[in-house]
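Listed in Swiss-Prot for this protein:
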type     : residues : note
ACT_SITE : K128     : active site
ACT_SITE : C163     : active site, nucleophile
DOMAIN   : 6-285    : domain 'CN hydrolase'
REGION   : 338-363  : region 'Disordered'
Amino acid sequence: MPITKYKAAAVTSEPGWFDLEAGVVKTIDFINEAGQAECKLVAFPEVWIPGYPYWMWKVTYLQSLPMLKKYRENSLTVDSEEMRRIRRAARDNQIYVSLGFSEIDHATLYLAQVLIGPDGSVVNHRRKIKPTHVEKLVYGDGPGDTFMSVSETDIGRVGQLNCWENMNPFLKALNVSCGEQVHIAAWPVYPGRERQVAPDPATNYADPASDLVTPEYAIETGAWTLAPFQRLSVEGLKKNTPEGVEPETDPSVYNGHARIYRPDGSLVVKPDKDFDGLLFVDIDLNETHLTKVLADFAGHYMRPDLIRLLVDTRRKELITEADPVGTIATYTTRHRLGLDKPLDGEKKEKEATKGRDSEAEEL
């Protein structure tokens with residue numbers, strides 16, 4: 001039986017720019033803060049660890065190389081002690097954590113998200129299906145078995161998407177079909193429309209993401225929608241600028257874009273430009289009854305006999321057997337990365353405890 005009323009938080013803060021350890025420490029601090037505030041869920045922005053490489057939108061390929069090398073060196077692997085520290089923080093605070101991070105797997109980076117449960121387990125691990133525009137110079141495409149978004153939890157059906165995935169009608173349709181009740185629309189850092197230069201469309205600026213795309217997601221899905229955003233300081237602007245290039249001096253256009261929306265698309269809270277921290281919301285899952293009774297696109301307000309979405313969640317292997325009779329062992333990304341293993345050997349400890357109890361009974 002899910003908890004229908006609880007407190008949740010969205011992070012709007014500056015990441016530990018391209019410093020893995022600093023990012024992990026700051027992540028744990030926010031998890032602890034949300035836990036102390038009695039939240040059941042805390043949501044972080046897209047690639048919060050080690051920060052969104054906004055410099056890729058502004059510099060040449062050659063200028064980017066030293067920064068890209070450092071970025072790769074400070075990206076996070078899911079089966080690492082850094083990730084286990086974050087998982088322990090979730091367990092210690094009995095809280096769900098939606099974390100966006102740059103995942104390095106073998107030699108490729110992915111725009112990844114995990115949903116960590118209050119027991120420290122990884123409930124869901126997903127990768128952005130298609131990096132946006134110049135992001136393709138940094139990240140790879142997520143495979144078929146890592147793009148599902150919605151997880152069944154005791155705080156409702158929780159979904160996660162990265163950046164422009166939140167405007168993808170097919171991904172929205174998929175999440176609706178899964179009965180999503182709470183959505184994390186994780187955004188990176190990018191400037192407001194004050195910085196718009198023709199012919200660059202308004203689509204490519206933060207205000208439409210915050211004030212159009214995100215509430216539209218809430219309206220169309222009828223889900224509580226948390227939109228965590230990264231921020232920038234003057235020092236952060238320097239760290240996002242390669243050597244030999246004059247950094248920007250006004251970070252204000254990058255700030256104040258985080259939002260939380262109700263299932264009907266109405267605004268719950270938005271930060272001031274200079275606010276850095278957690279935005280809070282009191283979620284009531286029963287409020288979605290009021291929106292779903294009007295428009296449930298997974299039920300009474302859809303015609304699957306006319307319109308259907310084809311979804312393929314299989315992992316496509318790099319090497320396959322040419323002989324259709326022969327087979328090559330397959331595996332899921334989740335299994336290969338060790339995400340189906342218990343945190344800190346909890347399973348072994350439980351088995352040992354069970355064994356000691358049996359011995360005591362025999363005595």
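The backbone N, Cα and C atoms fix where each Cβ goes, and this holds for glycine too.
Calculated from their C-alpha atoms, the gap between K128 (active site) and C163 (active site, nucleophile) amounts to 9 Å. C163 (active site, nucleophile) falls within a helix when secondary structure is assigned with DSSP.
If you draw a 10 Å sphere around the CB of K128 (active site), it holds 26 other CB atoms from the protein chains shown.
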